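Taken from Swiss-Prot as is:
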- 1-23: signal peptide (SIGNAL)
- Cys75-Cys86: disulfide bond (DISULFID)
- Asn85: N-linked glycosylation site (CARBOHYD)
- Cys123-Cys131: disulfide bond (DISULFID)
- Cys133-Cys171: disulfide bond (DISULFID)
- 140-162: region 'Disordered' (REGION)
- Cys221-Cys235: disulfide bond (DISULFID)
- Cys223-Cys230: disulfide bond (DISULFID)
- Ser227: O-palmitoleoyl serine (LIPID)
- Cys293-Cys324: disulfide bond (DISULFID)
- Cys309-Cys319: disulfide bond (DISULFID)
- Asn310: N-linked glycosylation site (CARBOHYD)
- Cys323-Cys363: disulfide bond (DISULFID)
- Cys339-Cys354: disulfide bond (DISULFID)
- Cys341-Cys351: disulfide bond (DISULFID)
- Cys346-Cys347: disulfide bond (DISULFID)
Amino acid sequence: MLPPVPSRLGLLLLLLCPAHVDGLWWAVGSPLVMDPTSICRKARRLAGRQAELCQAEPEVVAELARGARLGVRECQFQFRFRRWNCSSHSKAFGRVLQQDIRETAFVFAITAAGASHAVTQACSMGELLQCGCQAPRGRAPPRPSGLLGTPGPPGPTGSPDASAAWEWGGCGDDVDFGDEKSRLFMDAQHKRGRGDIRALVQLHNNEAGRLAVRSHTRTECKCHGLSGSCALRTCWQKLPPFREVGARLLERFHGASRVMGTNDGKALLPAVRTLKPPGRADLLYAADSPDFCAPNRRTGSPGTRGRACNSSAPDLSGCDLLCCGRGHRQESVQLEENCLCRFHWCCVVQCHRCRVRKELSLCL
């Protein structure tokens, strides 16, 4: 039986695979349940505000669950060449998340970001009744960062994209609403109690994930008018692609800061006193990661034996690093791939399935 896990782990399990929340791990190959009724039926362990959200806004909970899964898929993409590749296909994944290491910081940040991103996107698509497009009232004039269409004549300052020449319009992505729901559901169980360093670290990483979405939201603008007159100029806020969010958080993962708690347990300090305190966008961890080279039930390391590697690459995907110096073997395998693809009007791409033989390098 697994040891007690932090509340955030239980919540992630609930969001991603509610049918298996009692087992406290992410089940092998199980379908990820999207039905909010199933999620909330397993919500006995949720805090008051989470239970209220389940009861009052189950469709929002469904989007939060979709966003958490989006985050895990992005984690698997960004970590695909690392020794720990964010695989959720074993009980070991839950054991990894019980440690306050860099990898856990990334998982919590990317799932909080995914929850915010998914809810915000659902608002803009009209899929949630509780929200819609971003309200422009009381906001400063837009400063375009991306133009669609032909820019019009110069504005008051001599530039076609001068702020006074543009107005808010279109359907902007309401990141405020997405952040609010992500924060309400993902942060609710954490208590900033005395000595609870883990809660402080996880709350910080949650917020860093949401900030990665918000801070890379861009302003897109478009000119409207006959013959390129640009009689009307409108701008709206646009979410960044989630792949971009993942890439930004991976950069933060590489530069993550190790921290420790203050004596009263109410704040965090750099583990190395000579370093400056981490910023809001930084990821935090409190313990060193295992090397993930060999299987280890205690740490959740699945090891790298049998992993495909690149025999000629000097980076993380290379056999030297991925195989931890154990060497690798060559194996010839037969795979099926799409081939002879043709576009048929309109609008279908049809492909044949071809068998190809490839040489793979596999870790010993």
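Backbone N, Cα and C atoms are what each Cβ position is placed from, and that goes for glycine too.
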Request  = Provide the three-state secondary structure of Cys86 (disulfide bond) computed with DSSP.
outcome  = coil
Message = With Cβ-Cβ distance below 8 Å and at least 6 positions apart along the chain, what are the contacts of Cys75 (disulfide bond)? List them in sequence order.
response = Cys86, Phe106, Val107, Ile110, Thr111, Gly246
Ask   = Taking the Cα atoms as reference points, how far is Cys235 (disulfide bond) from Cys293 (disulfide bond) in Å?
value = 50
Query = What is the total of other Cβ atoms whose distance to the Cβ of Cys339 (disulfide bond) is within 10 Å?
reply = 11
Query = Looking at the recorded positions Asn85, Cys223, Cys309, Cys324, Cys354, which has the shortest Cα distance to Cys131 (disulfide bond)?
reply = Cys223
Ask   = Tell me which residues of the chain lie with their Cβ under 8 angstroms from that of Cys324 (disulfide bond), as long as they are six or more apart in sequence?
value = Arg83, Asp291, Cys293, Ala294, Thr304, Cys363
